[in-house]
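Asks: Could you have a look at this structure, given as structure tokens, before my questions?
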Amino acid sequence: MKEMPKIDKADEMSETKIAASKVQVYYGTTHAIKDVDINIQPRSVTAFIGPSGCGKSTFLRTINRMNDTIDICRVEGEILIDGEDIYDPKVDPVQLRAKVGMVFQKPNPFPKSIYDNVAYGPRIHGLAKNKSELDEIVASSLQKAGLWEEAKDRLDEPGTGMSGGQQQRLCIARAIAVNPEVILMDEPCSALDPIATAKVEELIDELRENFTIVIVTHSMQQAARVSQRTAFFHLGILVEEGPTQDIFTNPQDKRTQDYITGRFG
Amino acid sequence: MSDTTLSSPAASDGKDSSVPQKTSLYKEDALTKKRNASEKRFQAYGITAILIGLFFLVVMAYSIISEGIPAFTRTVLTVEFTVTQEQFDDAEGQLFKTRAYEGVFTEAMSQQFQEKEIAVPFDITAIERIVGKPGNTIRQYYLANPDQLGEPVEFELAASSRVDGYLNGRLTRDNITDSRFLMKSDLDLVDVLVEGGIIQTVFNWPFITGADSGVDNPGGAGIGASVVGSLFMMLVVLFLSLPIGVAASIYLEEFAPQNKFTDLIEVNISNLAAVPSIVFGILGLAVFIQFMHLPQSAPLVGGLVLTLMTLPTIIISTRASLKAVPPSIRDAALGVGASKMQAVFHHVLPLAMPGILTGTIIGLAQALGETAPLLLIGMVGFVARGYPDSFVGGFLDPNSAMPAQIYTWAARSDFAFYEKAWGGIIVLLIFLLSMNILAIILRRRFERRW
Amino acid sequence: MPVVWLILIVLAIAVVGYVLGRGRALAGAASEHVKLHSLPSYYGSNVAMKVAVPAFLIMVVWLLAQPIIVNNSVSGLIPETAIAEGSSRGLVLAEVRRAASGLDNAVAAGIMDEDFARNARADFNDITTRLRDAGQIVTSQITQPILRAAQEYRILNSTGRLLMTIAVLLAALAGAAWGILESKPNFRARNTVEQGVKALLIAAASIAILTTVGIVFSLVFNTIEFFRLYPALDFFFGLTWSPTFSGRGGNSELGIIPLLWGTFYISFVALIVAVPIGLFAAVYLSEYAGPKVRAVAKPLLEILAGIPTIVYGLFALLTVGPLLVSIFGPDGVGIMQAGTAVMTAGLVMGIMLIPFVSSLSDDIINAVPQAMRDGSYGLGATKSETVKQVILPAALPGIVGAILLAASRAIGETMIVVLGAGAAARLSLNPFDAMTTVTAKIVSQLTGDADFSSPVALVAFALGMTLFIVTLGLNVVALYIVRKYREQYD
């Protein structure tokens, strides 16, 4: 594993948004994630790559405790966000998830209007004091998700009636509306066509300005296009992590090299 | 929502709204606290709902058991005495023959009291109130068994239903009123007799094996005849609904083309499954009795009505079992040159059989508990008078069925019949329970996962 | 000859035909050195099928048709004058049938011989006396025309039976001959048999249609008969239900409104109990409960669905009713007169419907894709927020369908209201009053010896028709909604 640049304690706090150490995940008796240590920097895009079943999605879901919804799943180790352990008993996963939003593999808009889809998060978290504030949040979220022009005249129509790419951007808008600090994206483009994918990738690049983004992707090209740092997972182990450029041009580990040259995966 | 149009957000350089506010995750903010409280409340509603459901189940089970168990016991008065040939001839020579036997009986009673050193004054009318009229029972016995004359015979005489009620707690000294059926003073005698072991509580076999009794004799009512009625009905249901149901399912699942006729059948089946059972009773009354002149109150007619009612259930479950057999089995059979019909009957059907049987048993259990249609075809009232005297008679002679018999008892004005009704429910539930357990065993034993 | 014997004879011919057909096919194959087209058993089955199917078909049709024809021709024998005042042709015909069976029994008991029973010139008094001695006249008077009609009835019936036996046997034998002649090695026996089996399968499937047709016909004909005797407008809009048996029901007031009111009131109370409990139970079981709780609680709740309605009826009458009276009765709140009331029946019916609502809702909630839940949890929603704002709205159409099905159940439920609701038809708002329902009145009008020519009995068919149409409407709408809902997520 590549050494992180040596920095002092205060600096580390500002430079590291998410710090995971010795993370283990078990599904029943299966040891799905083994000893993962990783630091994720704020306001950047970090990509998790690796062959299917390598645990990259599982690890992603530990960051906002989505694994809590699976009965047999158990997480050990420590994940710090802004220096606070998210698995601390004092932490409410509901509050955590407001801070760490998530976008899923398949677009999953609720069977409600476009407006209500975006307004859902702000409503449950009480982010708007009145209707006009809510309207503003909805509009700005849709704008930031690049969906405003397409959606502004059909806010009352069901979100499920949009095209796949629009649905996924709606889901991103929905996640942004809660004003999270981190957005986790689990293969957000795998169900989209190339043009929609390009739009979403463009969006991710824009969002980097304000959010810490972690994206799981099975496409190495996508990782190369959108991310600043890349982590390679294999069989539940974090094999290598570093600046995207380095990982793709000069991998340190034999397995990383084999994977990016297409020898397995 | 009517129509929402939003103006483009005025100031959205994004900075102010999207700069993350630093809040600690360790501190539960006020809103989250409120939300978690509402979450707890919601969860509590769910648990409450389930507990209410289970509470009703427990209350019902308790009512059934506590009210029904007394039906399975009866109170008898056991007396051993000898009637000699002379006494017999003497009694038969009198005008009030049974009265004479009662004299013999009273004598024997007082003798037994002396032996057991019980000193309680009693007269024959008190005895009559306790055991009904024993004379007739005794006379009938000796008329039937003249060879027993001169031998000591132990008589088990059924106590009246009120004494029965006193001993199982239905009646107490406080709520009893003096009447020609039972005086308060009789209870002293009853207590003494119980102490002396002369009045005993024994298992009520006549309830299990007997037939219905008239409205004035709740003690003698039994459920046996209507169990037989139910049995014959179930035979009809089984032998009609299983083959018809399986044949219909095979057609719909394996052969039916996609056309209007098939749609019509499908729509009919799903709607019949939800038609109120009483409507099937009207169908039975109008078609089988009014139109075809089949005998009223006959288990055959009951069985036919219940068959029509059960068919949709059986068809739905049979189709599910046929669907569960993977298509590869059919392909394999067709691949070696079997016809479609052979593939279905030789391979698919045997594999689906456990599921079909399970569904059939559950359908039968449903039919067994059904009451409403039976009321309309006359299986109610004093119809379960005795056992049918032949196999064909079992189908054609008027009879009741368990649930209809329970209804008959529940509708009678004498409270003593309520106990019989609860007892009948226990018998009915035992049948249903065994059928369901059988179905579960079948499913467990033969369940196959593809 | 009893029908049972006829059935056995036809079956015997079928078995013989099976053996002969199979033998002939095998023999043909052996002598001509050709291969059989089908397995030998198919040739046999072909013969057996051709024996049994037409023969039994004739038998069933005959058995159905004969009583109608005989009744009609006997009915023509009875002069108008023989129908007493206040009676009807139907009643007289029933009397005729009773007299005929009395004659049958008398012959069977050896009191008179067959010729005597048939003899139309036999002395009327002689016959009636003999019948009375045999204990075969239990009802009122047998008049001369009735007795003659009864004799005619017996003669027609036995002639019909004889003709049927001949027709059935001829059909069986002809079928056997046809099948056996066909049994040559190159005959496609399997295909023929399979065609036959397929026809049987179709016939079995068509029974569902026949049942519906039977229901509709039995309701429609009697309802029309009822409306001939009682004005339809008074039935549908009458506010009073008071059947009287005097004047053969002529003075009855048979308005359905109070019955419908009772029906809907009780169903409403039942749904008020069942829907929240059932829905919350379903939400808890599918969203909150761990596998262990689910494995225990779900089957336990479903026991409630397996309990026969008579048990609920008794529970209402003997447990819940007295309990409610002790609280709301004269000794308590004082608004309840007796144990049988809308509340008693509604409450118990609600209990019965809990598992119905909960298992339907459970299915529907489980059909909402996991992705919806993930999306909501991912935004930081709590479980209850997810349930209330995402899952239930998504499942709403399905749940509405389930509630409609439950309502249809409640409206058609009989035993609970017969025992628990009371017998008085009443238009009242007090849920602790006794009221009665459509189903309860169907039972009370048709139990016992119903006289199918009086409006007091026939009204039950009009009630049944109303019930059938209301529940059918609810079911069709509900099934449509549920199906549309399922398609949405498939």
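Residue numbers in this text run from 1 along the chain shown.
Glycine is treated like the rest: Cβ placed from N, Cα and C.
For reference, TrEMBL lists these features for the protein:
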type	residues	note
DOMAIN	C:260-478	domain 'ABC transmembrane type-1'
TRANSMEM	C:51-70	transmembrane segment
TRANSMEM	C:162-181	transmembrane segment
TRANSMEM	C:201-220	transmembrane segment
TRANSMEM	C:227-244	transmembrane segment
TRANSMEM	C:264-285	transmembrane segment
TRANSMEM	C:306-329	transmembrane segment
TRANSMEM	C:335-357	transmembrane segment
TRANSMEM	C:390-411	transmembrane segment
TRANSMEM	C:456-482	transmembrane segment
Asks: Which residues, given as numbers and ranges, are at least 6 beyond the ends of the transmembrane segment (C:264-285) yet have a Cβ under 8 Å from it?
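Replies: For the transmembrane segment (C:264-285), the sequence-distant neighbours (Cβ-Cβ under 8 Å, at least 6 residues beyond its ends) are 293-294, 297-298, 301, 342-343, 345-347, 349-359, 361-362, 365, 387, 391-392, 399, 403, 406-407, 410-411, 417, 421, 431, 435, 437.
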Asks: Do any residues of this chain, six or more beyond the ends of the transmembrane segment (C:227-244), have a C-beta under 8 angstroms from a C-beta of it, and if so which?
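Replies: Non-local partners: 251-259, 425, 427, 436, 441, 445, 454-456, 458-459, 462.
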Asks: What parts of the chain pack near the transmembrane segment (C:51-70), using Cβ distances under 8 Å and only residues at least 6 beyond its ends?
Replies: 3, 6-7, 10-11, 13-14, 17, 153, 156-157, 160-161, 164, 167-169, 171-176, 179, 196, 200
Asks: Which of C:162-181, C:201-220, C:306-329, C:390-411, C:456-482 shares the most C-beta pairs under 8 angstroms with the transmembrane segment (C:335-357)?
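Replies: Ranking C:162-181, C:201-220, C:306-329, C:390-411, C:456-482 by Cβ pairs under 8 Å to the transmembrane segment (C:335-357) puts C:306-329 first.
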Asks: Counting only residues 6 or more past its boundaries, what in the same chain has a CB within less than 8 Å of a CB in the transmembrane segment (C:390-411)?
Replies: 263-264, 266-267, 270-271, 274-275, 278-279, 283, 287, 349, 353, 356-357, 360-361, 364-365, 367-368, 372-373, 375-376, 381, 438-439, 467, 470-471, 474-475, 477-482, 484-486, 488
